[in-house]
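Colleague: Reproduced below are the annotations present in Swiss-Prot:
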- R90, R100, R128, D222: substrate binding site (BINDING)
- D222, D246, D250: Mg(2+) binding site (BINDING)
- G280, S281, A282, P283, D284, I285, A286, G287, K288, G289, V290, A291, N292: NAD(+) binding site (BINDING)
- Y135: site 'Important for catalysis' (SITE)
- K190: site 'Important for catalysis' (SITE)
Amino acid sequence: MKIAVLPGDGIGPEIVAEAVKVLNALDEKFEMETAPVGGAGYEAEGHPLPDNTLKLAKEADAILFGAVGDWKYDSLDRPLRPEQAILGLRKHLQLFANFRPAICYPELTGASSLKPELVAGLDILIVRELNGDIYFGQPRGVREAPDGLFKGAREGFDTMRYSEPEVRRIAHVAFQAAAKRGKKLCSVDKANVLETFQFWKDIVIDVSKEYPDVELSHMYVDNAAMQLVKAPKSFDVIVTGNMFGDILSDEAAMLTGSIGMLPSASLDANNKGLYEPSHGSAPDIAGKGVANPLATILSAAMMLRYSLNRAEQADRIENAVKKVLAQGYRTADIVTPGCKQVGTREMGEAVLAAL
């Protein structure tokens, strides 16, 4: 099995290195090939997603991704910015389903910004559609306003749109995920204002007829954002569009104590996927050896489970992470009084020892 390893920018190379060590420590042997992406791709090839990197990603059975982005690239034209690499990979590989688990480990309830009783035992899965919505809708751009109160003034515009096949396929993925968990699915929309999301809601209701054992509910996105803080454990699986999912998944991440703990998977129709931590490249701490590698290590576990059909090995990694937390090891982002603060490499070594 071939894994494309794309470390990227900022803390990406540091955290991916620890995940690779963990994969190498398993009984399985994987063919792993590394390629530049993001700012590293721009520096090497003049583009955030070089042709050879994309070719490797297409040929691989799965992709382990670090993070992209750095302030020094903010002046580049948008198509050349590091963040375009992840958008390009999603588009070219048709990665339409994003899984973002938000799990609060018992040892980390004190690190959450909410009261322990609100987050203890928290286990939410956010299923986000990745290929449609306002992020990719056309037309978009800057122009002279053709009408309205400020006709003739410069305006920026984007297009929110979803096709029926796009909504149906993500709805099926979400219902199937909910069927394997608590059999509760909440579809988050803004159907009271947006035609696109009334359309979304109607299709999700239609798909629900194929999953009678899953309880379907609907919630407007503003209320969902509030309920995630007020009563987060009332959710099991959430399905939503690209932009709403982008925002809500980061909000849910912070309920757990640190976004540095949370993995993610972006899958195609055949479960080939790109696996990455939910956090960004954090250029402010790059090279300092303090980044939390656990989200990336847990992303590698998700890769084993979903794309490589190695659930037993995924369990080993996840159990090792739980053991390390129980032993009191903490990186700076999750440290609490009485725990042992360690750096990136030390945390990786602790997971290896726990394996």
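Cβ coordinates are placed from backbone N, Cα and C, and glycine is handled just like the others.
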Colleague: Determine the Cβ neighbour count for N292 (NAD(+) binding site): the number of other Cβ atoms within 10 Å of its Cβ.
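Modeller: For N292 (NAD(+) binding site), the 10 Å Cβ neighbour count is 27.
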Colleague: In the three-state scheme derived from DSSP, which category covers A282 (NAD(+) binding site)?
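Modeller: SS state of A282 (NAD(+) binding site) = coil.
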Colleague: When the number of other CB atoms within 10 A of each residue's CB is tallied over all shown chains, which of the binding-site residues A282, A286, V290 has the maximum?
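Modeller: It comes out as A282.
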Colleague: Whole-number answer please: how many Å between the C-alpha atoms of R128 (substrate binding site) and D246 (Mg(2+) binding site)?
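Modeller: About 7 Å separates the two Cα atoms.
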Colleague: Looking only at C-alpha atoms, tell me how far V290 (NAD(+) binding site) is from D250 (Mg(2+) binding site), rounded to the nearest Å.
Modeller: 21
Colleague: Cβ atoms within 10 Å, counted per site: which of R90, R100 has the most, among these binding-site residues?
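Modeller: Answer returned by the neighbour count: R100.
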Colleague: If you measure A286 (NAD(+) binding site) to D250 (Mg(2+) binding site) at Cα, how many Å is it?
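Modeller: So the Cα of D250 (Mg(2+) binding site) lies 21 Å away from that of A286 (NAD(+) binding site).
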Colleague: Take the C-alpha atoms of R100 (substrate binding site) and D250 (Mg(2+) binding site) and report the distance between them in angstrom, rounded.
Modeller: 9
